[in-house]
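Contents: one structure, followed by commentary.
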Amino acid sequence: MNLHEYQAKDLLESYGLKVQKGIVAHNPNEAAQAFDQLGGKFAVVKAQVHAGGRGKAGGVKVVKSSQEAREVAESLIGKNLVTFQTDAEGQPVNSVGVFEDVYPVTRELYLGAVVDRSSRKVTFMASTEGGVDIEEVAHNSPEKILKVEVDPLVGLQPFQAREVAFKLGLEGKQINDFVKTMLGAYKAFIECDFALFEINPLAVRENGEIVCVDGKINLDSNALYRHPKLLALRDKSQENAKELKASEHELNYVALEGNIGCMVNGAGLAMATMDIIQLYGGKPANFLDVGGGATKERVIEAFKLILDDENVKAILINIFGGIVRCDMIAEAIIEAVKEVNVTVPVVVRLEGNNAEKGAKILADSGLKLIPADGLADAADKVVKSLG
């Protein structure tokens, strides 16, 4: 689950980090009042969406008066912001953040952390190249990114943070401020179950103060039951409508841009299914994992989700029966095809628990389903069914 910038800053501030002060505004009048309330000569109005690249997309503007703040807010709120991280429709802007002007600054740094699944540790990343896309830095100048793996048994140690500060070229009071920032960020990461966080840029002001000018936090959705207050911050308007609907039925769904709908049980098998569709010249329209314990109701909802996509011209169902029985899946497929009125070709590959019984149920159904003997055969048939 993602947080908005203003929510991320509030959370980080509660852990002792110095952040760029700001006020969230849900309409132009509130934006104008926020400018006056901040009391500076300048302010920055930022669209609050769950996507990066806001500045290049026109979602971040410097304003010099309350009237300008009102006008910028009016141009953003109620519209969709399209960035390089969104789809063509963009993300809806329901609010803007009006933040204090912290510039000029002497330096812009980058600080982030992620759960590194290969090392099974929280890994911090820091760089002198703040204020730009860190992905570009990683690609073009990987040597400029410092990495620190945190031993989960002892946590982040002050000496590790100091070492990073030295390598970033900080000095004097800046070092202590940075250590406090990094230790506070780690404490927030662990206590709030972050999956990822970024401060980009982490600015060094002319007076030596270190301030979080931006904040991005992604929470581990599997741990949200432990954090009802954080769960209350969820903004469903920023989530893909289909993916949101899928999560309500315990389906893992990600929309793609192809025309072959996929229904698979198991994330690994789903990835392999998409790969082999590509290998045979097709393009998957989605990633859809119905789970190891798929029920008849879940399969029906999965069909509805797939067919909600107008680009889908064929469907490949790939089920490996383990916990789930193939005969139950076959019955669910038949019921779903009848209920949803499927008009596109449907290729079905069943293997494992009661696969033969499931295949017979499908064959006796009278429906125009295309059976497949293996994964390669299924991919070949679904691609050829497109004509």
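Note that the numbers count up from 1, one per residue, in the order the chain is shown.
A Cβ is built for glycine as well, from the same backbone N, Cα and C atoms used for every other residue.
When the candidates Lys46, Lys64 are compared with the ATP site entry in Swiss-Prot, which names Gly53, Arg54, Gly55, Glu100, Tyr103, Glu108, the shared residue is Lys46. The annotation in Swiss-Prot ties Gly322, Ile323, Val324 to substrate, and of the candidates under consideration, Asn259, Asn265, Asn286, the one tied to the same site is Asn265. Asn265 (substrate binding site): 26 other CB atoms within 10 A of its CB, across all protein chains. Each of the binding-site residues Glu108, Asp214 was scored by the number of other CB atoms within 10 Å of its CB, and the largest score is that of Asp214. Of the listed binding-site residues, namely Ile323, Val324, the sparsest CB environment within 10 A is found at Ile323. A strand conformation is recorded for Lys46 (ATP binding site) in the three-state DSSP classification.
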